[in-house]
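Pulled from TrEMBL, these are the features on record:
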- 79: active site, proton donor (ACT_SITE)
- 212: active site (ACT_SITE)
- 321: active site, proton donor (ACT_SITE)
- 346: active site (ACT_SITE)
- 432: Ca(2+) binding site (BINDING)
- 275-307: disulfide bond (DISULFID)
């Protein structure tokens with residue numbers, strides 16, 4: 001599958017951000033401004049892990065010669081961080097090739113002006129030539145978004161570690177300071193925070209889009225620190241406690257789901273993005289307070305089952321973008337604009353974590369069902385395409401092969417069917433784009449210094 005996706009990207013869209021597999025041409029998303037090569041950088045570590053050595057070499061040569069950050073363009077700080085910075089960091093740690101470290105630090109430096117706000121909470125959008133930032137015009141009164149400014153921590157800690165420049169780590173630690181000073185409604189973190197006033201915007205809470213990876217990064221910050229980052233640990237388990245109390249519900253059919261919270265009212269809807277949380281709960285089970293380890297694993301298993309049902313209840317056996325638990329339906333998309341599937345990884349990600357942490361064979365079986373569905377409905381001559389309606393037997397393709405399909409979906413599938421000693425959890429933490437970063441132990445800092 002990786003070879004089919006990569007070879008077609010190379011044939012029809014080489015050097016561009018993504019591939020349109022039906023039209024057989026390049027696709028460019030405005031998230032990356034004029035930076036090019038998203039698929040190449042996102043796929044580097046997958047190629048390396050799968051031992052696709054020739055392809056990795058071509059990708060590395062492209063990065064050396066053509067990856068250019070000196071562009072006059074506005075980019076999404078979040079997307080560029082998780083895909084480009086994350087992808088380069090992983091490629092460096094796996095291969096040891098200096099070019100990847102150099103490019104990661106260079107790009108990290110270009111992102112620093114995003115933090116020039118009254119609170120230090122970064123802008124969502126940044127012109128990387130002028131250093132001028134702003135927020136998405138639709139985000140509650142000029143707010144920054146929790147999942148966006150909360151998903152810089154892992155990469156920026158590693159940028160400080162690899163560059164010897166403490167500024168990167170200081171910027172992300174300051175975000176925590178701001179959050180810890182604020183009152184949390186019912187212990188929950190709203191999705192919107194104003195970077196000028198330092199106050200919450202609308203009180204919307206979601207463990208899916210706009211919120212998701214903030215929680216993931218609290219847990220992973222603690223794991224990545226060799227379990228020394230007590231602040232990250234406490235913030236994570238406190239947040240999970242509030243999520244359990246206020247957002248986790250059981251349907252009449254016995255499915256556990258995570259609802260969204262709008263100013264105190266629950267919307268009984270769960271996004272495909274929220275399905276990552278099953279893996280997160282299981283991954284965090286080991287450090288859970290008051291003998292709650294078993295409970296967190298159980299919670300992970302329940303979310304995995306619900307998300308599997310969202311796949312199983314469609315014609316294509318691929319899950320919709322969002323599914324609901326109201327008006328007599330369970331785990332089904334009821335709105336046309338929620339029935340699409342864009343090759344997303346989150347459900348497979350949870351299967352991978354559940355498999356590694358429990359070795360229950362059903363997770364591999366469920367992963368294989370997804371493989372068969374991807375092959376049947378998403379594979380086309382020119383690569384892999386997303387689908388507009390998973391409930392319809394006549395597939396209508398959206399004609400985009402997302403870079404995260406190569407970075408995340410295929411990597412998590414590969415890991416699901418690999419031995420546990422490939423990227424073992426005690427040594428590696430995956431960023432939210434599935435880029436593995438090594439756990440940093442207290443003495444690592446000095447090692448780097450000695451090498452300089």
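Positions of Cβ are set from backbone N, Cα and C atoms, glycine also.
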Cβ contacts of residue 275 (disulfide bond) (under 8 Å, same chain, 6 or more positions away): 303, 307, 310, 319, 346, 347, 349, 350
Distance, residue 321 (active site, proton donor) to residue 79 (active site, proton donor) (CA atoms, angstrom): 19
Neighbour-count leader, CB within 10 A, active-site residues: 321, 346: 346
Around the Cβ of residue 79 (active site, proton donor), the count of other Cβ atoms that are within 10 Å: 22
List of residues, in chain order, with Cβ under 8 A from that of residue 212 (active site) and at least 6 apart: 147, 206, 273, 274, 276, 277, 432
Cβ neighbour count (within 10 Å, all chains shown) around residue 432 (Ca(2+) binding site): 26
Other CB atoms, at most 10 A from the CB of residue 307 (disulfide bond): 29
